[in-house]
Every structure is written in structure tokens, then in C-alpha cells.
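Structure first, commentary second.
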Amino acid sequence: MSNETKSHGDVDVENVSLTSSELIIDERSADSTLKFMETVGYKLIEGKEFTPEIRSRISKKKALYLLSLLVSINTVLFIDKSSIGYGTLLYFFKDADITDGQYDDGNSIFYVGYFVGQFPFAYLLQKYNFGKSVSFILFAWSLIIFFTIFVKTYAGYIIVRLLLGLFESAIIPAIEISLSQFWTPKERTLINQIWWISCVGVPPIIAGFISYGLLFSESSIHPWKFFMIFTGGLTFINSILSFFFYPSDPSEAKWLTSEEKAFLIKEIQETSNSSIAQKTVKYYQIKECLLDPISWLIALIIFFLMISNNLMFQSNILYLSLGISNLGSTLINVAGGGFAIIVQTSGALYTYYYDNTIFVTSIVSIIPALAGGIAMVTIPWDNKLALVAMLVMIGNTFGLAFINVIGWSSSSCSGQTKKYYRNVLTFIFYSVSNIISPQIWKGNQGTRYYPAWIVQIICSFVIAPILIFIVWFILKKRNNERLKYIAEHPDEKPQGQVKTIDPETGEEIIEIVDIANLDLTDLENKFFIYPL
């Protein structure tokens, strides 16, 4: 190793001046897929073209085995989130002996569990077998849903909500990691939206029709219990499917051939300039995550957007206060889910076909919610149809901004540890906001809930878009600096070096690898370009 070469292990990022020729890292700190590529992958694809036929075959397998599973998991997760809300229509309040205020407390307690679960599950998912960890979490989650049918007191309701929040806290961060492992940044602009449609569009339709059917149940058992059994059963099935089909990274995807794995890994790394998997917790990356203003700004955006999230649960109560029947409320929820699918699909297609439009689509999606929020405090109460229309519009538009920003959190970040702990920070703020969100509806606010609407207008529909603009501005500035650097250094290649030990001779070997294999952070890697 020359005097100019720097070794990169637990190095303070502030003291590292990186060029591709200077950096050497230990194999243990490199991308976890590198071992597969060196022993099998590179030999299989050397000299071969990544043909459209191979690409199509891989895409179909990803859709069949992974995306369908992720969509199923997320759909059931959000059906479960809304199940207690539908319980207001299916006699849950009566059986559990709780009031509207206690119901709001339960929603807050759910996110206390969500908060508590962030650090331990982030460590579990990075350090141990990713797919099996997800399967275990889903299995535990299904058991808790089943136990909900035995709730008869407020205390039991609180315990169940706390545990559900704890185990659900790992699911969305885990799926976001999987999306970044199996799809290119360009593909994720579309896939991320499709996946999120399974939470904001499909669940209200499925839950609405189930709720509608259960309203006609003549069983002595109240219908909300059947709802829980259905949700718990689906979650249990997902846990079994995850055990067999959920891979930790592309190199462990049993449903891909070795050649397909190699082509996929190479494409993901080349298009993202980022690593795919790494089980070593790198503490300097946690430090960088906390020092990077983007981490805090994204967390704050999620915090302010989610102040309005309890509207998903509160809407059924608002519909009833407007004089709409249980059946009418259910049908409105179904229609709202259909509207959400249209909004998300439009946003997905726009961001896919037009590059760097995350900022634009996010801002545009918040504008109808802002207009609707203002309308909710100005339209006369006797204009029921207009108020219902505004509720549907608000609840099914600004979610696109939330989806974009959650995806942005991962796509604007490199280095596996930094990704995991940016997710932790983001979802801690998400949790705190959702603890607060139900509380803004409490108190003697009357049927109009003026204070609640004013808080939502200011936080979610004014402050959040301002912060989105600030993130865009900072990342745009960073991109301009990087593009200038790349133009001024045409001979510098996006490569680095990995130090390995020959298993036969015991000699140290230095290999030249693509820079993505180094598991660098976005601030370390001058070739990392931020999506806008």
C-alpha cells in the first residue's frame, strides 16, 4: 500500500479526502454482494450482453416473487391500520367499552410502539438475515392481531395497540430497503408509487367492501371480530411466504438464476453508484447521518405531513357527524380509495417519464389538500355534499407527497448504515407526529373542529411544502458541484479498491472494483447524483 493510499474502516468521514485511486477498504466493509460477484457472478456475465430478453425475464420474476409479496404485506398493513377505524362502524367501541377520546389515545399509543421499535429493528434487519427477520416480525404481528378479538377493556385495547405499533414499525423501512436493492433509481420512481398504491388506494376499497358485507352479519359475534380474524389470517400467510421467498439481497434470491443475480447486481450498482447490502454497522455513517441537514429536513417534512394523518381514522366520525349512515361512510371510503389510486398512478407515471420531478409532483399534490383544508373551515355546515367532497379530496391527495418524500429519504442517501439510520430518524419523527395527530381532534371543538383544521393547514399544507423546496434546493446545489467536479476530472473513474485475503496462500490481495462496492455514503462518493 502506498503512502498516498488511505484505508477505510472506522474512519471519520471528515478526515477522508476521496479519490478512487486513494481509497482501500477491507472486504468486510464492502458490499455484501461482492463475494458472490467475485466467486460466481463476474465469470458468468463476462463478455455477455444484458439483453432485453434477460432484463424482461428478471423483471417478471421480481414482479411475481417480490413485488407481489411487498404489495400484499403493505396492503394488509394498512388494512390493519384502518381496522380500528372501521371498528367504529362495526361495534368495536361497544364491545371494548371505549369512548371517542380513548379511541384517539389508542391511535397515539400505537405510534409510541412504532417509536420504540425503530432502533432495535433497524439493528436486527441490518445485522441478521433480512428476509427471515421480516418473516418473524410478520408472524408476531399476526398473533397480536388475533389477540385483538379478546379485547374487552380500555387497558386491553391500549396494550394491543402498543404491540401492533412496535411490530409494524419495521415493515415500511424494511420494504424501502428491499426496493433499493432490487430496482434501479429510475425504476423506483414507478415501483415505489405502485407499492404505495397498495396502502393508500387498495386497502380502503378492500376494507370498505369487507366492512359493507359485515354490516349485514346476523351472527351473535360482532362483525369487527371477523374483520380482525381476516386481517390476522392474511398477515400469517404473508409471514409464511416471506420465510420462503423474501431474500436478504439479490445474491440470495432463490427465484433468480446465478446469471440473473449477477446482471441485476451489476445494473443496480452502476445506476445508483451505491451499495446493495452490508451487515456491518458503521458508526461513522450514523454520525454523518446525524450531521447531514437533509436527514433532519426529510424527517421534519414527514413530521409536518403526518400531523394530518389521523384524518384517515377521523373521517368516519366526521361522516357520521354529517348525518351519513354507516353504509354511506363505507361507500365513500371505497370511492376515496379509487380516487387515491388515480392520483398515485398519475404521479407515478409523471415521475417515471419525466426525470427529476419528485419536487414538482410533491408540491402539486399538496395544493388540493390546502384548498380542501381551507374549505373545511369556510363552507357552511349545511352544505354536506361539498364538505364530503373536500374530505375525500384532502385524504387522498397529499399522500403522494408523503410517498415521494419517504422514497426520497432512501434514494438521496448512500451507505447502508446511513440508509438504515436515516430511516430510523425519519420514522421516529413519523411516530411522534402520529402520536400528536389524534390529539389535535380532542377537546370541545364542536362539529367543525376548527382548531384541528387550522393546525393541519399550517403544518401539513404550508410548512411541509416549504421544507420540500429547501431539500430540493440543497440537493440541486450539491448536484451542480458534483457535475462540475466530474467534468473537471474526466480521467477519474468511479472505482475503488478492496483488500482481501487469498484463502489458499493467505496473501493480501488488492482488487479494483466499482465504487458502488465500497459502501460509501453519498457525501463520500463524488459520483453519487441526487434525484430531484
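All residue numbers here begin at 1 and follow the chain in the order shown.
A Cβ is built for glycine as well, from the same backbone N, Cα and C atoms used for every other residue.
No curator has checked TrEMBL annotations; they are predicted automatically.
What TrEMBL says about this one:
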type	residues	note
TRANSMEM	64-89	transmembrane segment
TRANSMEM	109-126	transmembrane segment
TRANSMEM	133-151	transmembrane segment
TRANSMEM	194-214	transmembrane segment
TRANSMEM	226-246	transmembrane segment
TRANSMEM	289-307	transmembrane segment
TRANSMEM	327-350	transmembrane segment
TRANSMEM	357-379	transmembrane segment
TRANSMEM	385-408	transmembrane segment
TRANSMEM	453-475	transmembrane segment
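Sequence-remote contacts of a segment are chain residues at least 6 beyond its ends whose Cβ falls under 8 Å from one of its Cβ atoms, and for the transmembrane segment (133-151) they are 73, 80, 95-96, 121, 124-125, 157, 160, 163-164, 167-168, 170-171, 174, 225, 228-229, 231-233, 235-236, 238-240, 242-243, 246. The transmembrane segment (327-350) makes contact with the transmembrane segment (357-379), as judged by at least three Cβ pairs under 8 Å among residues 6 or more apart in sequence. Among 109-126, 357-379, 385-408, 385-408 has the largest number of CB pairs under 8 A with the transmembrane segment (289-307). Where the transmembrane segment (357-379) meets the stretches 109-126, 226-246, 385-408, 453-475, the count of C-beta pairs under 8 angstroms peaks at 385-408. Tertiary neighbourhood of the transmembrane segment (453-475): same-chain residues 293-294, 297-298, 300-301, 304-308, 311, 358-359, 362-363, 366, 369-370, 373-374, 376-377, 398, 401, 405, 408, 412, 440, 530-532, selected by CB-CB distance under 8 Å and a gap of 6+ residues from either end.
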